[in-house]
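Annotation comment: Swiss-Prot describes 104 as N6-(pyridoxal phosphate)lysine. What Swiss-Prot lists as pyridoxal 5'-phosphate binding site is 130, 382.
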């Protein structure tokens, strides 16, 4: 059993875990402190190999896990001799079976298990695509009820691989003009309904430590931590997760004593964390860093990488992760991402999702700026294999139970649409 305590990154106090998402001090993110100082992979399915560093008592029989391998094609293209790829998606011959084609499939299992273990009857979350798909898939597999809120333009991302969507999924779409932050606002209101538990976003240790499995798997495979870690970010939760996993690996003592340098990328024109970081600021100033946020988001290559309220300046957040790892941020244009996608797919022989292409573009920028060829680099391909999956696996769309104009919709409309009495009795 992966035993742990919770500690606030702000006040450093130990906190009891009652599916706790916030410390009373309000100063920082909560972290899990695990009893197991060293990671010992278990004989368990998928990501649960790293059970000792996941904040749950039980586990699920889910096969999804990252696959880490040494690049041949892209490494030759870039002249990087020690380039490793963490592939999160569908690529059967490589052993990759994240059938939702996104590393968000690492978030959902421990989050749902943690919620169940703390008496959760249902969960609500907001998303613009990959997170929603992962939780919908896990809801279908487990029967655990989820209420998912997405902008209607993102509803095409809600499909279930290999089976029909479960009745446990209640999808609410929002009219045109609403974005991820509007979906978050509505989900926060829905979490006020009795019996509905908030998913928690970046504040949920299960979500972060689930994504941290990417770094754990890479270190175990490589027998060391990388020198450099590249990932595209929207909220930055994945970057925080990589940093926290690296801190544990450093304390483990077998994978090196230097933290990987984080290279985190945003997709222009919406890149508030990039602008704040380059200005040397801990805080995002909306009028400077995202002056026309909704218009900027509409112009992105991948609006999955958008969040108007990211955990950037909070203690234990993205800013601290970059400072602690001597990291850097990148701004990637749409054309750069499209070009990077073509380069990767030709070099490695598998399709990748747009957010992963942004990470590849950041790596190309770093190489152009003189990234040392001898450094050990880990590139997180956060999603891929979708085109391959479409040819080999059936996909069923999740149908919405309600479409709303905005986040201030009367809650009685929500309660009626999700058939709350039925939903709350399932778990």
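Backbone N, Cα and C define each Cβ position, glycine as well.
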For residue 130 (pyridoxal 5'-phosphate binding site), list the number of other Cβ atoms lying within 10 Å of its Cβ atom.
24
Secondary structure at residue 130 (pyridoxal 5'-phosphate binding site), reduced by DSSP to three states:
helix
Where residue 382 (pyridoxal 5'-phosphate binding site) sits in the secondary structure, as DSSP reduces it to three classes:
strand
If H, G and I count as helix, E and B as strand, and all else as coil, what does DSSP give for residue 104 (N6-(pyridoxal phosphate)lysine)?
helix
